[in-house]
Amino acid sequence: MDNEKDAWMKMITKNGLCEKQNNQVVTKAPASHKKSDAGKIQRPLLNEKTDAAKLGDEYWEKENLRYGWGGFKPDCIQMFNTIRWYVFWVCVFSLFQGFIVNGVINAVITTLEKRYDLPSSKSGLIASSNDFFAFFLVLVISFYGSDRHKPKLIGIGVLVLGLGSFVFSLPQFFTGKYDFRGSDLEDFENVCKPGNATDTCAVASPYQQTSQQKMSSLSNYLYLFMLANALHGAGSTPMFTLGTSFIDENSRAEETPFFLGIIYCLASLGVAGGYIGGGQFLNIYVDAVTVATENIGITPMDPRWVGAWWIPFLISGTVMLIVVVPILGYPKQLPGSAKLQQERKSEASQAVANRKEQIGRDWRQFPRAMFNLVRNPTFLFLTLSACMEGMIISGVATFGGKFLQEKFNLPAAFASFVMGLITVPGAGGGMLLGGFIVKRGKLKCRGIIRLNMVCATLGLLISAVFWLQCPTQSIAGVSTDYVTGSPRATPVDLVSTCNVECGCSARTYEPVCGMDGNIYFTPCHAGCNGHFALMQGPMGPYKMYTNCSCVDEGLSYQNNMTPSSSSATTMVTTVITSITDSNENATGLAMGASQGVCMSDCQLLYVVAPLLFVGMMLTFMTCSPTQTATMRCVQENQRSIAIGLQWLFLRLLGTTPGPLMLGTIMDNACFVWQEVCGQQGNCWIYEKTSMGVKLFVWWIIVKVVSLCFNFAAQYFYKPPDISPNVTDEEEKSLTSSEQEIRVSVI
């Protein structure tokens, strides 16, 4: 851009507007009015008060800082060439970026596990790939991007993010219809059929080969999901580094916090929309476009249900393709930005450093900048503490919905809705409250570190939420014995004397709730040999299975359980009125089972959800104060690179391993795995007590480590000597500027 301005200055010098002396442009002597050949008075070229350089800037801005694409820059679209319109398009981007990256992906993660036979440890790779790829870009973009054409780089990022959304949806179109029955037969019913072979793989090698190939091909889509989410991370990075910088450079100082507040507010709303709105798509059957959903025979309450997870990604990709067009139309800087920069007063601190080192923007000076920051112990320990808090945020955001879903037998859509109510208000409220306390209490760096320690200590108490659990459900052959109903001390065994002749397959988890209050893995494992279709309910048609040999009609319900579709008594009555009233049928119904798991009357969800909300709020309360303390403990000329380095560590040691650790913990609490011919898929049944204990230990360890890092940061922090030359106005200006730290939603 400087070369272009030099060309303009040469032009106006050539035309007599100014002259160059000692490599500087100066005004020429006053020019008298001339008469043209027509005898008219011409406008004077310059007078003594005219600044030729300023005049050159005005010419250059008028002709080169126009809005448009290539040579298409008509006057009718110049109304968009303002900072407010730029902020509008950034807001649209932030809304849908939060919607898809931080909302929808977390909402559909359990659905992807089910559809593509993935354990949680592998599905965690999908969530982590976003941060892992952005980790390689954040420093490069923040270090060098400030001297480049920011809107173009941002536009490329928007295009990449949109491409990532389209790539994420591709597996839906590459795979066939979802087979929830575990059989290619349309009318297959998993009931007791004496004489069937229990081990299908052992007697049918073609079937074994086909099943293994199918499961393997589905699980291989993991790498496509990781690539797509990596593109999401790459596309988001320019906007949240260069985008905010572009706003700061092209707006008045007092407007910048307002604009950034709107952007991050909409990003938070996007996350809420992703959890809640994206979760609602899970109530639509995955193949609803090609399958008559009223005849599929399962509902969202069924563990085999897979919702239309792919629709939000098509919406997001389409919006990004639209948004990229106006963003690419902006010039390198907006008209009037040079004047704004001249008018803006310096807000540099004289108190943070006595030694000033000019860090250039080339790789030779980059290692020195890193070394100067890493040897600052306060910065280092603050960053490590932020990594621990980021680990909790990313882990809970990714698998919190699954925790609630498994803990309280919730459908995926409702679990996502609850998690959205926990995460988004907790994040927004925590960041606002943390910033308010710092501002209201006028906290210095040491006070901010102590605030972080208080938040970490209170967060330790929230770990008790993982101990809370409803009464353990009785799952025959898994948690309880088939015959006695007592807790099992031996490994899982789904075969008993009551179903040994049925030839049951464990390919799919098709739970039924017996009239005895026990859950059975499938109708076949309950010994049921018949079924009736019930009337249409609010969640779809329900089935009642009859003549179940494993259901003891004399047993009373256990743990205050009732069938998921309705109470057992209601279902029996409904079916009895629809069939012949005979002793044989009555006996079969009394020994029957209803489709779905047994639902508990446990109300602990209303305790667990608020406690998780408080835990997330306390964790997010440290975000803004930590960045403020970071800005205060480093030299002024290293602040930008300090924030970039902190985000690098945060992604590498915090938000990337968080989902991986939580996924591994979830897998270690699995009771029954999907297994087809020796090949393992996703987890069907979790041991809820073990899951709670493992999550409790993980939360405690991470919070204690975070507390230790904050203690070390406070111990090594040495308050600087305030220079006597710093005025009260400059100190106030410093405090206010540091409150404008930009925090993105993780």
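From the backbone N, Cα and C atoms, a Cβ is placed for every residue, glycine too.
Here is what TrEMBL says about this protein:
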TRANSMEM  86-105  transmembrane segment
TRANSMEM  125-146  transmembrane segment
TRANSMEM  153-174  transmembrane segment
TRANSMEM  221-246  transmembrane segment
TRANSMEM  258-277  transmembrane segment
TRANSMEM  309-330  transmembrane segment
TRANSMEM  378-400  transmembrane segment
TRANSMEM  412-437  transmembrane segment
TRANSMEM  449-468  transmembrane segment
DOMAIN    492-549  domain 'Kazal-like'
TRANSMEM  604-623  transmembrane segment
TRANSMEM  695-717  transmembrane segment
REGION    727-746  region 'Disordered'
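Ranking 86-105, 258-277, 604-623 by CB pairs under 8 A with the transmembrane segment (412-437) puts 604-623 at the top. Annotation: stretch 695-717 has the most Cβ pairs under 8 Å to the transmembrane segment (449-468), among 153-174, 221-246, 604-623, 695-717.
Among the stretches 153-174, 258-277, 309-330, 604-623, 695-717, the one making the largest number of Cβ pairs under 8 Å with the transmembrane segment (221-246) is 153-174. Beyond its flanks by at least six residues, the transmembrane segment (604-623) meets 385-386, 389, 392-393, 396, 400, 404, 407-408, 410, 418, 421-423, 425-431, 433-434, 437, 451-452, 455-456, 458-459, 462, 464-465, 468-470, 743 of its own chain at Cβ-Cβ distances under 8 Å. A contact between the transmembrane segment (309-330) and the transmembrane segment (695-717) is absent, since fewer than 3 of their C-beta pairs, 6 or more residues apart, lie under 8 Å. In this chain, the transmembrane segment (695-717) does not touch the transmembrane segment (86-105); fewer than three CB pairs sit within less than 8 A of each other, excluding pairs fewer than 6 residues apart.
Averaged across the domain 'Kazal-like' (492-549), pLDDT in this predicted model comes to 79.
Stretch with the largest number of CB pairs closer than 8 A to the transmembrane segment (695-717), among 153-174, 258-277, 378-400: 378-400. Using a Cβ-Cβ cut-off under 8 Å and counting only residues 6 or more beyond its ends in the same chain, the transmembrane segment (378-400) has close neighbours at 102, 106, 109, 120, 124, 127-128, 131, 419, 422-423, 427, 445, 449, 452, 456, 612, 615-616, 619-620, 622-623, 626, 629-630, 633-634, 642, 645-646, 649-651, 653-659, 661-663, 666, 699, 702-703, 705-706, 709-710, 712-713, 716-717, 746. According to DSSP, the domain 'Kazal-like' (492-549) comprises 0 helix, 20 strand, 38 coil. Packing against the transmembrane segment (258-277) from elsewhere in the chain are residues 83, 87, 90-91, 94-107, 244, 247, 251, 312, 401, 416-417, 419-421, 423-424, 427-428, 740, 742-745: each is 6 or more residues past its ends and has a CB under 8 Å from a CB in it.
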